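What TrEMBL says about this one:
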type	residues	note
BINDING	GLU39, ASN43, ASP85, MET90, 104-106, 127-132, THR183, ARG349	ATP binding site
COILED	219-246	coiled coil
REGION	1-349	region 'A'
REGION	567-639	region 'C'
Amino acid sequence: MTDRAAFAAETRGFQAEVKQLLHLMIHSLYSNREIFLRELVSNASDACDKLRFEALDKADLFENDSALKIRIGFDKGSRTITISDNGIGMNRDEAVAHLGTIAKSGTKEFFSRLSGDKQKDANLIGQFGVGFYSAFIVADKVTVLSRRAGEPAEAGVKWECSMAGDEAGEYTVEPYAKALRGTDIILQLREGEDDLLSGWKLRSIIRKYSDHIVQPILMQKEEWDQEKAENVLQDEEETINQANALWTRAKNDISDDDYKAFYKHVSHDFEDPIAWSHAKVEGRHEYTQLLYIPKRAPFDLWDRNPRHGLKLYVRRVFIMDDAEKLLPHYLRFVRGVVDSADLPLNVSREILQESKDVDTIRGGCAKKVLNLLEDLAENRQEDYAGFWREFGRVLKEGLGEDHANKDKIAGLLRFASTHTDTADESVSLKDYIGRMKEGQEKIYYVTAESFNAAKNSPHLEVFRKKGIEVLLLSDRIDEWAVGYLTEFDGKQIVSVAKGDLDLGKLEDEAEKKKVEEQAEEFKPLLEKIKTSLGERVKEVRVTHRLTDSPACLVVDEQDMGANLARLLKAAGQDVPTSAPILEINPEHPVVSRLKSEEAKFDDWAAVLFDQALLAEGGTLDDPATFIKRMNQLMLDMRQ
Ligand code: ADP
Ligand code: MG
């Protein structure tokens with residue numbers, strides 16, 4: 001040992017978010033206090049995995065001891081619980097970086113979403129992942145002794161933090177010579193937590209949450225001492241978990257609770273998953289997949305860099321977390337494990353990028369997830385509705401991203417519709433087709449900026465009259481998604497606001513004839529309106545799509561929909577503007593009135609156009625003039 005310390009002892013302040021997290025955790029997670037052990041064991045296990053991975057090409061790191069294990073002990077006298085591992089360990093800088101700050105992306109946004117409501121915040125924190133700091137739920141002082149594998153004993157560090165009540169602002173780091181590599185975490189229990197100082201209690205918590213941990217978890221054996229009338233610790237140790245990789249076990253040997261506990265380990269989630277799929281895939285590439293659908297969206301789902309992907313193992317050796325190549329982006333909410341039998345152990349993220357084997361695995365995983373969702377949609381509709389609320393918008397991204405599975409994804413979509421008239425998205429394309437009217441050949445939808453705007457769109461009038469269902473799309477992503485969704489099950493999917501309304505067999509001959517006659521009859525009026533509105537419209541024509549409104553706007557088949565154009569403009573994009581087509585309702589009294597108007601014709605025509613624009617969610621170029629005209633016309637009517 002050198003006589004000079006490797007670094008100076010110091011007291012440091014926590015990052016503000018850590019303080020907030022500590023405070024919240026103690027208050028809102030107390031009823032789940034047992035999770036502290038799950039989190040610390042999970043970290044110990046991760047540390048062992050990391051060492052095994054680094055030692056693949058640096059066997060020295062094992063320091064002649066490659067039997068990785070986790071130990072849990074307790075001492076009634078000092079009222080402490082100690083969790084030890086001989087994993088990768090930490091040096092001073094790592095302890096400061098990992099135990100003094102939260103490095104997750106999106107942390108700031110996450111904290112800004114906390115409400116102060118215990119129950120809600122507890123759920124949110126669950127999604128965020130509580131980790132190391134959960135130790136403070138049961139301990140008021142936490143001491144971490146650690147030494148990184150491959151570094152000398154003197155490079156060890158002692159990290160310590162005491163809490164007075166539930167406030168902690170600072171921690172200390174100082175040199176600590178540690179002969180054995182790895183980490184000891186010593187918890188000084190809070191008052192009232194003494195029931196945890198029991199071998200029986202600790203064993204039961206470990207079996208409940210950590211049975212699946214790959215490394216053996218050891219505890220000292222205990223024997224009943226008649227004289228002392230209590231259990232006495234023995235020198236001998238025993239393994240108290242199954243200590244094999246859960247996904248390698250036979251399915252019938254794994255209980256639902258085992259699967260759920262393992263999910264919490266891989267996902268850091270707090271709640272049970274909604275569904276999972278476990279399969280061994282044989283063939284050209286052999287791999288095992290264990291995939292989970294979470295119940296709730298993770299806090300970073302819409303982040304620029306969301307946590308994404310699966311844990312990758314190669315022949316049971318942990319390789320990396322968040323292997324994003326193993327799943328398409330739109331399935332970024334899925335958690336789980338892939339264990340490949342064929343990839344090389346030294347596989348890196350770069351190699352994964354290029355690997356054809358990985359493409360096969362990704363394809364296989366995507367199919368599995370979609371099958372799982374299909375099964376959920378079919379057999380557990382309520383759970384599927386919950387899934388859709390949380391992840392529907394993400395799934396829609398798949399229409400553009402995953403061409404091979406487009407039909408499967410389309411089948412999983414859910415929509416609001418005129419048939420249900422609620423904003424709930426519950427109608428599938430299959431439901432829709434099942435209730436199509438006789439003679440109906442197409443699937444109809446309308447897009448708008450809000451559910452109410454969609455529901456009350458004048459374009460729906462004739463559909464309502466004929467009882468034809470229309471899907472109501474009001475999510476921003478819908479505009480983009482329907483661009484990829486042109487067909488389902490042989491049926492064309494079309495907008496009710498685009499092109500000539502062709503209801504095909506839904507119209508009888510008499511109706512068609514009437515429209516033709518009206519077109520003839522109104523020709524002079526149409527031309528007059530066109531002349532009056534000039535460049536603002538591409539064409540003016542009569543329509544039979546309206547029953548209650550005097551006019552509406554439509555765009556040509558090949559032109560961009562008005563709602564999409566508005567969205568793109570709002571996003572700052574240059575969009576080619578093409579004038580809309582004004583369609584008028586020949587049966588409407590306002591239109592009849594227009595026929596005989598002379599002096600104020602231009603005002604009437606302008607109001608007709610402007611109200612059609614407003615009705616479909618557009619904004620007026622010159623609202624003041626519109627209002628002036630309206631008022632004038634109202635006054636005129638009194639005369
Ligand atoms: P997470 O496990 O999600 O990364 P934690 O709060 O549980 O978050 O842990 C924070 C970090 O502290 C870990 O990522 C790891 O770098 C470090 N750490 C915690 N416990 C250990 C340990 N037993 N051995 C080595 N490093 C650890
Ligand atoms: Mg952790």
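The count begins at 1 with the first shown residue.
Yeah, the Cβs are placed from backbone N, Cα and C, and that goes for glycine too.
Model, not experiment: these values are computed from the prediction.
Shown on the structure are the features that TrEMBL records.
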| residue | record | CB count, 10 Å |
| --- | --- | --- |
| GLU39 | ATP binding site | 23 |
| ASP85 | ATP binding site | 27 |
| LYS104 | ATP binding site | 15 |
| GLY106 | ATP binding site | 19 |
| PHE128 | ATP binding site | 24 |
| VAL130 | ATP binding site | 23 |
| PHE132 | ATP binding site | 18 |
| ARG349 | ATP binding site | 13 |
Return one of helix, strand or coil for ASP85 (ATP binding site), based on DSSP.
strand
Tally of residues which DSSP labels helix, strand or coil - the region 'C' (567-639):
42 helix, 4 strand, 27 coil
Which binding-site residues from the set ASP85, PHE132, ARG349 come near ligand 1, judged by a Cβ under 6 Å from any of its atoms?
ASP85, PHE132
Roughly where does the coiled coil (219-246) sit in mean pLDDT, to the nearest integer?
92
Kindly assign PHE128 (ATP binding site) to one of the three DSSP-derived states: helix, strand or coil.
helix
Once the DSSP letters are reduced so that anything not helix or strand counts as coil, what is GLU39 (ATP binding site)?
helix
